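Colleague: Dropping the structure in here first, questions after.
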Amino acid sequence: MANVVVVGTQWGDEGKGKIVDWLSERADIVVRYQGGHNAGHTLVVNGVNYKLSLLPSGLVRGKLSIIGNGVVVDPHHFVAELKKLRDQGVKITPEILRIAENAPLILSLHRDLDATRESGLSGLKIGTTKRGIGPAYEDKVGRRAIRVMDLAETNTLMAKIERLLAHHNALRRGMGVAEINSQALYDELMQVADEILPFMDCTWRLLDESYQVGKHVLFEGAQGALLDNDFGTYPYVTSSNTVAGQACTGSGIGPGVIHYVLGIAKAYTTRVGEGPFPTEQINDIGEFLGMRGKEFGVVTGRKRRCGWFDAVLVRQMVTICGVQGIALTKLDVLDGLDEIKICIGYELDGKRINYLPSSMGAQARVMPVYETLEGWKEATAHALSWEDLPPQAVKYIRYIEKLINARVALLSTSPEREDTILVTDPFAD
């Protein structure tokens, strides 16, 4: 029996959706353990595109899917995404979808605050999706969040709302924004309560019971480890922990329950929003990668910044997340290039270093040190075995493995789930 954590090792958009969908056939349960609806991914199943940003990927396969306590849940978006999937023919009932009773809710006031802050910042733009994720996590840490279970306790809900508004209305007065009426917020929550509560459960107990009888659990991370609130490119990060260890605290399981950590990495690098990006290519190569890779955000539609593979960053996240194997995606995007560069180190103030410093100033000053490899003209798209790959593509993969201290367990050669080469099965006992 094995339980697997899937974590992005870059800045998100690594192709986790396809890999999670591919692995979900081997799993009994799929769990989202952090983030909100700010990070989207697309699944391609039988030619149909499913765009998800909050609901676990396992739903498309009819697997028991859990939204863990580490996720912040926008109840209105939950209802909308549920309807969208159902309209596409996906059958979703409380029997296959559960939400942790102690998951915090994202409210309209969180979205307002997020947008007001982002538009009002002078100089420092974080590049948030303005969906209220950060403010919702602030209220969780500040012990004033409205949680899923509170929707069922209407006799105490108003008191919790008033406590929350004591904080938020003070902020709004300071920003010159109209205050929120407690009854209006109560009514807003009651509009969706009946659609949320049937899915509520004590999910840590459900996971423990499943573990005791040998169920296979797949823990699905959102975003990427380089957006982690502690280990990412702070302050250009998200508001939750995105490293693999968050699978434990974000779902209510112990570290011993995790048997394999699978890191996801693109064969090049992308980033959405602001922040340092040492290997970014603001040139024809960047345009080529963006167009060939269709690099536009699922949630925001924003154009992604593109650059060469950064082995320094991926190796750093492999170490921090305890990654045992890598799923390498979008190798086919590199088809046809005469040469391909890999960042193997940095220069910082005249010195060679092999890690990304935590200091924002140092991160902005590092200069990539590249090694250039010969490209390949043959197609890797839709390859189903190593024998189908050009020799130079295999050489590129092997060099990445050496640089990041992790072997490739899966290789994705197109968005279609069937175009996946399995080297090591993460669920193997």
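Including glycine, each Cβ sits where the backbone N, Cα and C put it.
As annotated in Swiss-Prot:
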- 12-18, 40-42, Arg304, 330-332, 412-414: GTP binding site (BINDING)
- Asp13, Glu14, Gly15, Lys16, Asn38, Ala39, Gly40, His41, Thr129, Arg143, Gln223, Thr238, Arg302: IMP binding site (BINDING)
- Asp13, Gly40: Mg(2+) binding site (BINDING)
- Asp13: active site, proton acceptor (ACT_SITE)
- His41: active site, proton donor (ACT_SITE)
- Val298, Val299, Thr300, Gly301, Arg302, Lys303, Arg304: substrate binding site (BINDING)
Colleague: What's the number of neighbouring CB atoms sitting within 10 A of the CB on Thr129 (IMP binding site)?
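Modeller: That number is 24.
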Colleague: Using the alpha carbons only, what distance in Å do you get between Arg302 (IMP binding site) and Leu331 (GTP binding site) once rounded?
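Modeller: That comes out at 22 Å between the alpha carbons.
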Colleague: Quick check on the binding-site residues: of Gly12, Gly15, Gly40, Gly301, whose CB has the lowest count of neighbouring CB atoms inside 10 Å?
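Modeller: It is Gly301 that, of the binding-site residues Gly12, Gly15, Gly40, Gly301, has the fewest other Cβ atoms within 10 Å.
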Colleague: Including all protein chains shown, what's the count of other C-beta atoms within 10 A of the C-beta of Lys18 (GTP binding site)?
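Modeller: So the number of other Cβ atoms within 10 Å of Lys18 (GTP binding site) is 27.
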Colleague: Provide the number of Cβ atoms within 10 Å of the Cβ of Gln223 (IMP binding site), excluding the reference atom itself.
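Modeller: Result for Gln223 (IMP binding site): 26 neighbouring Cβ atoms inside 10 Å.
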Colleague: Need the DSSP three-state call for Asn38 (IMP binding site) to compare against my parser.
Modeller: coil
Colleague: Whole-number Å only: compute the distance from the Cα of the residue listed as 'active site, proton donor' to the Cα of Gly12 (GTP binding site).
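Modeller: Computed Cα spacing between the residue listed as 'active site, proton donor' and Gly12 (GTP binding site) is 10 Å.
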Colleague: At the level of the C-alpha atoms, what whole-angstrom distance separates Gly40 (IMP binding site) and Lys18 (GTP binding site)?
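Modeller: Distance between the two Cα atoms comes out at 12 Å.
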